[in-house]
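*Asks:* Below you will find the structure I want to go over with you.
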């Protein structure tokens, strides 16, 4: 047929351009293109017989007897397997891309178009990382990069409901909701559990030890540990399901009148949460830096107090719970080596010796500056006796109050200094390592890298926009040919295309078996789900509202709520995940599929 000729010319042009620039595409892409070209023989070899003419020449497939002729059994079986009946016709995307009504043909198209969407996601990811190298975090890392990561999913959801009549859109949006649910469930179950397994280390003292993996597949003695920011990401992910709850309220109260309004309210909430999340991502590095600086300051305080306690000629607290001034004066005189009544920089250095500053990546001069900031109220760059006593007294009260003690102190009050020191070490561990210890290499040719990043982003966006519609059509055609609901096809197959790049990157990063890499891996997974719940849902709700479609996705929403809330709570209340937690994640995937099937086809929630 004519469209095959156009398509072959189109593929030939692409092939020739790739030969000129072979580094632009992965090598496996050549194999798929060749298979794609060969597949035209299957479609092109199907001859549609004109029943109105009796003067026919045998084509070697059909009999030569015109209307009454029949093909042989073997030949007929081959043709019926790959070709649709004569009376059925499929609509070609853009007038030249191949289409078919057969099951196997659509499987092939789903694989090819899915690979192209995977390629688009890879280009978008690579371009985003290059931009991040040039411009750094903040606006790019917090806003631009997460949106680009969700772009392929958003494109597929958009084309699933924007084309055709309202009735056709109502039928096709099941592909969009299937992709939305499938991406969320796959990331939080299969990928989350896999990252937990490949990144496992030995668990000692309730945390995973970097690069130590000697306990095998112990369900309780092996696992991964993350920082507190990852727990915050899990909390945000759990909160992001709020629009799903809002849009589902009319069905919950069996009301039909408020469904359209509920969609609009959910859309507004979803967009508001999306904006808030993007702002949080933009300012999160600044928040993290401030929080880490505060904890480092507490570590200096606790370390110095512990040092003073060790070298004090008596107890720092009296039996009445007040600072022991006599002991503090003796400490001051011991530190004041030249006896001039002031502590200089060099004399204050004795205070910070032995604090284990390397644990928090802090230099001695920085620690001395923190001491001066708290003690030197006269701003003369030295500390006199009264300033020293007042400063230590303030620190002692802070250490005691942080442990929830009462104002009435007893003989064991000094133990709070040890508790305070352990608390600050634990807080620093939860916050993660400081990013300043990483060597940041400058980009040699920023202009060239920026152009490359822009081209990758443009190419990825074009591929995602062009092939999203054919992929949705192929899913719908396969659903019609096999009578399998399109939701289950898009739930299982499409996330493999749109999230494979992200999933492979997360799994590879988790294999580094460090707390930092585990934190970044799980934060990325939680962030991807949050963008699904906000950006992709906003696109979906906008389609439903503007086209006047009916929201009847109760079982799908329930699955998303269950998985997000369960994994969100698990990620929020824990920073260490033994291997038994990945069993919960893995079990949620088949549970989700079974739940949708039971609710829709047993209880009739459709």
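Residue numbering: from 1, along the chain as shown.
Every residue gets a Cβ built from N, Cα and C, even glycine.
Keep in mind it's a predicted model, so treat the numbers as computed, not measured.
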*Asks:* Of 82-102, 103-123, 208-228, 292-312, which span is tagged transmembrane segment by TrEMBL?
*Replies:* 103-123
*Asks:* Where DSSP helix means H, G or I and strand means E or B, what are the helix, strand and coil counts for the domain 'EF-hand' (323-358)?
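*Replies:* Split into helix, strand and coil, the domain 'EF-hand' (323-358) gives 21 helix, 3 strand, 12 coil.
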*Asks:* Residues of the same chain, at least six outside the transmembrane segment (449-468), with any C-beta under 8 angstroms of its C-beta?
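*Replies:* Answer is 94, 113, 116-117, 119-124, 126-128, 130-131, 133-134, 148, 151-152, 155-156, 158-159, 443.
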*Asks:* Which whole number is the mean pLDDT over the domain 'EF-hand' (363-398)?
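*Replies:* For the domain 'EF-hand' (363-398), the model's average pLDDT rounds to 82.
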*Asks:* Let me spell it out: take the transmembrane segment (261-283), skip the flanking residues so only those 6+ beyond its ends count, and list any with a Cβ under 8 Å from a Cβ in it.
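*Replies:* For the transmembrane segment (261-283), the sequence-distant neighbours (Cβ-Cβ under 8 Å, at least 6 residues beyond its ends) are 138-139, 141-143, 146-147, 236, 239-240, 242-244, 246-250, 527, 530-531, 533-535, 537-538, 541-542, 544-545, 551.
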*Asks:* Grab the same-chain neighbours of the transmembrane segment (171-192) for me: Cβ-Cβ under 8 Å, and only residues 6 or more beyond its ends, written as numbers and ranges.
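*Replies:* For the transmembrane segment (171-192), the nonlocal Cβ contacts are 153, 156-158, 160-161, 163-164, 472, 475-476, 485-492, 494-496, 498-499, 502-503, 506-507, 522, 525, 528-529, 532-533, 536-537, 540, 543-544, 549, 553, 556, 559-560, 563-564, 567, 582, 585-586, 588-589, 592, 596.
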*Asks:* Cβ under 8 Å, sequence separation of at least 6 from the ends of the transmembrane segment (488-510): give me the contacting residues as numbers and ranges.
*Replies:* 110, 113-115, 117-118, 121-122, 125, 149, 152-153, 156, 174-176, 178-179, 181-183, 185-187, 191, 194-196, 198-199, 224, 471, 475, 478-479, 517-518, 520-521, 524-525, 528, 593, 596-597
